[in-house]
Amino acid sequence: MRPVSICLWSPWCLLLCLLLCSLCSGSPSPSTGPEKKAGSQGLRFRLAGFPRKPYEGRVEIQRAGEWGTICDDDFTLQAAHVLCRELGFTEATGWTHSAKYGPGTGRIWLDNLSCSGTEQSVTECASRGGNSDCTHDEDAGIICKDQRLPGFSDSNVIEARVRLKGGAHPGEGRVEVLKAGTWGTVCDRKWDLQAASVVCRELGFGSAREALSGARMGQGMGAIHLSEVRCSGQESSLWKCPYKNITAEDCSHSQDAGVRCNLPYTGVETKIRLSGGRSRHEGRVEVQVGGPGHLRWGLICGDDWGTLEAMVACRQLGLGYANHGLQETWYWDSGNITEVVMSGVRCTGTELSLDQCAHHSTHITCKRTGTRFTAGVICSETASDLLLHSALVQETAYIEDRPLHMLYCAAEENCLASSARSANWPYGHRRLLRFSSQIHNLGRADFRPKAGRHSWVWHECHGHYHSMDIFTHYDILTPNGTKVAEGHKASFCLEDTECQEDVSKRYECANFGEQGITVGCWDLYRHDIDCQWIDITDVKPGNYILQVVINPNFEVAESDFTNNAMKCNCKYDGHRIWVHNCHIGDAFSEEANRRFERYPGQTSNQII
């Protein structure tokens with residue numbers, strides 16, 4: 001099992017590295033650079049001309065399918081600021097006139113452009129429209145702030161009070177804000193493009209392309225910190241905008257706000273492609289390697305290729321999430337590319353391109369040769385997102401001394417510690433830490449088991465089929481992370497135990513039914529059913545951490561793996577156990593997490 005990696009980098013940091021690497025590699029850039037769509041106005045923007053750097057060039061606009069330019073008459077730095085934000089940068093450092101980046105072609109769409117610099121889109125600026133008396137020798141250009149410099153926004157990354165969750169693409173997601181050391185969401189009441197642009201700029205992007213409402217990026221869980229946020233669009237932080245504090249009755253997570261930000265052009269999508277699949281969302285992965293004059297396309301060795309690597313490939317392709325990462329692709333049409341150019345790929349899942357993942361840098365090594373054993377993906381714009389109800393674990397945790405004669409079924413399913421094998425059956429007992437697990441699917445796609453029905457296993461003890469060999473890990477850890485007990489939760493059936501009011505159940509374990517967890521539903525494993533425990537018979541008294549990890553081997557794709565772990569502080573005195581401070585792994589601020597890790601233990605059973 002690979003450890004769950006909670007990346008402290010923001011998506012902007014990853015973009016900075018990609019942009020810096022693109023210059024360091026000396027690879028040629030396309031003649032046209034970044035290209036963005038401006039909200040509901042239907043315009044697209046790009047930078048063109050020499051020296052072909054991603055942050056400067058001649059400004060070109062596409063309207064009604066035709067590319068054109070902007071006349072430099074009355075053009076100012078304020079107009080350049082607006083255009084740079086639409087291209088994904090935070091601001092402009094300068095502008096040029098007299099076609100410094102070469103004359104364009106086609107129409108001159110804007111003339112006498114007049115902006116105050118506060119507009120969210122150039123369409124809000126006054127202009128002469130398409131009746132220009134200019135020539136292309138007067139085409140305007142802009143120079144945006146080059147934010148690829150080492151150390152840029154490092155302090156923001158550590159002290160960030162806003163983040164995006166659940167987005168299929170970089171620079172988009174559900175807006176979450178940090179308050180009193182805990183992350184929560186924003187209600188979409190009065191949520192608009194101005195507030196969304198403040199979020200984007202706070203994260204180091206340009207202006208917002210879209211302000212999203214109605215939990216379009218999936219629902220959050222826990223607190224809703226802000227409502228009726230009213231921004232002018234110029235604030236440096238969302239917290240500097242007027243807002244209302246709300247109660248649980250005022251707003252629900254079905255109203256969580258989200259954003260799509262304008263991002264700088266990186267060109268990573270030009271270095272990857274799919275072949276042989278039945279649609280543009282699937283196929284054998286081909287990557288471009290080599291330097292200038294020696295570029296070539298090749299395949300990726302399928303060894304160890306899994307969900308995390310496929311997630312990165314789909315993100316680089318601009319196709320969202322990965323439904324599957326495939327190690328064999330013999331059933332897809334073979335193409336002209338047969339050379340394997342990359343092997344040993346290991347990703348954390350947060351990277352923006354496969355180049356950022358660890359891989360063999362010199363010798364290509366594959367255990368299984370041939371194009372049939374090369375990597376493939378099936379991508380999707382939506383994915384599930386599982387989250388454990390941590391408060392329920394805390395509320396239901398208790399100790400039971402269960403007689404061995406009642407544990408034969410559990411022993412058969414490997415739900416006890418290894419020392420149980422040498423116990424004096426059927427006499428004696430095992431000490432079990434029991435608790436309920438309520439696992440919610442808050443994503444935008446149903447969570448389905450990876451294995452097909454033909455490979456599900458019938459369990460006589462429980463009277464139903466189990467569709468996943470490993471769905472959760474239950475562990476007791478020392479404060480330094482050493483495992484002293486584990487739940488041996490070997491198999492699961494997945495079903496909709498309960499759902500939100502407007503959602504219908506789709507999955508049920510009984511009668512060999514379809515298994516899964518519907519969006520908006522949850523699977524409840526009660527504290528009093530077999531194997532819903534950790535065998536702590538051999539655990540000595542002391543202070544520990546209770547940890548539950550969902551989907552620990554990343555068998556099924558999710559939009560967010562950083563929220564799959566739950567931790568609690570617990571004290572065990574040999575007779576009783578106190579469980580408290582239960583929380584999802586990414587629910588706290590970094591400082592609050594450090595306090596949790598430094599937990600000194602309790603001297604009594606009084607939880608403060």
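Note that Cβ sites are derived from N, Cα and C of the backbone, with glycine treated the same way.
Non-local neighbourhood of CYS115 (disulfide bond): THR76, GLN78, ALA79, HIS81, VAL82, VAL122, GLU124, CYS125, ALA126, each in the same chain, at least six residues away, with C-beta under 8 Å from its C-beta. Per TrEMBL, disulfide bond is recorded for CYS115-CYS125 (among others).
Taking all protein chains in view, 23 other C-beta atoms sit within 10 angstroms of the C-beta of CYS187 (disulfide bond). Annotation source TrEMBL lists disulfide bond at CYS187-CYS251 (among others).
Look at TrEMBL and you will find CYS200-CYS261 (among others) tagged as disulfide bond. Cβ environment of CYS200 (disulfide bond): GLY171, GLY206, SER207, ALA208, VAL259, CYS261, ASN262 lie under 8 Å away, each six or more residues apart in the same chain.
Listed in sequence order, ALA195, VAL198, VAL229, ARG230, CYS231, SER232, GLU235 are the same-chain residues six or more apart from CYS241 (disulfide bond) with CB atoms under 8 A from its CB. TrEMBL lists CYS231-CYS241 (among others) with the feature disulfide bond.
The disulfide bond feature in TrEMBL is assigned to CYS347-CYS357 (among others). Note: CYS357 (disulfide bond) has non-local neighbours GLU309, VAL312, VAL345, ARG346, CYS347, THR348, GLU351, i.e. same-chain residues 6+ apart with C-beta under 8 A of its own C-beta.
Counted with DSSP, the domain 'SRCR' (45-145) comes out as 16 helix, 34 strand, 51 coil. Annotation source TrEMBL lists domain 'SRCR' at 45-145 (among others).
Residues or ranges marked as domain 'SRCR' by TrEMBL: 162-262 (among others). In the domain 'SRCR' (162-262), the DSSP tally of helix, strand and coil residues is 16 helix, 33 strand, 52 coil.
Annotation source TrEMBL lists domain 'SRCR' at 272-380 (among others).
According to TrEMBL, the feature signal peptide maps to 1-26.
Considering other CB atoms within 10 Å as the measure, the emptiest surroundings among the disulfide-bonded residues CYS251, CYS261 are those of CYS251.
When Cβ neighbours within 10 Å are tallied across all protein chains shown, the highest count among the disulfide-bonded residues CYS125, CYS231 belongs to CYS231.
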